[in-house]
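A quick write-up on the structure given underneath.
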Amino acid sequence: MSDKYIGDSHLEETGEEKQDSQEKEAVTPEKAEEQKLKAKYPNLGQKPGGSDFLMKRLQKGQKYFDSGDYNMAKAKIKNKQLPCAGPDKNLVTGDHIPTPQDLPQRKSSLVTSKLAGHVEDLHHV
């Protein structure tokens, strides 16, 4: 089935040969584009870690985006150093839903509100 005719007649190829030629054609434009980019930017991709300046800055230690990041990191360091009493293990929150009977009674106000005046005053307007 892989008969190949030379001359004006067409060439018959097997499925594998067709795939190989298609892959070569697909890779060729990519390689050409890659060569153009390498010619335009010769230093691109040489150092995987970046410039020497960047590597030096990264080796110095942690840097902060702004003063807020610095203060948050500083507060975390202080919290680690201070021994604090952990929360009560017996204290459980969110399990009990209060009812009106569970709530303490409100204390009546000693000063009467001017807004809640006498009913008689409202009728005499």
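Backbone N, Cα and C define each Cβ position, glycine as well.
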Residue from S51, S67 to which Swiss-Prot assigns phosphoserine: S67
Feature phosphoserine, as given in Swiss-Prot - residue among S21, S109: S109
Helix, strand or coil at T28 (phosphothreonine) [DSSP, three-state]: helix
Residue among modified residues T28, S67, T99 with Cα closest to the Cα of S109 (phosphoserine): T99
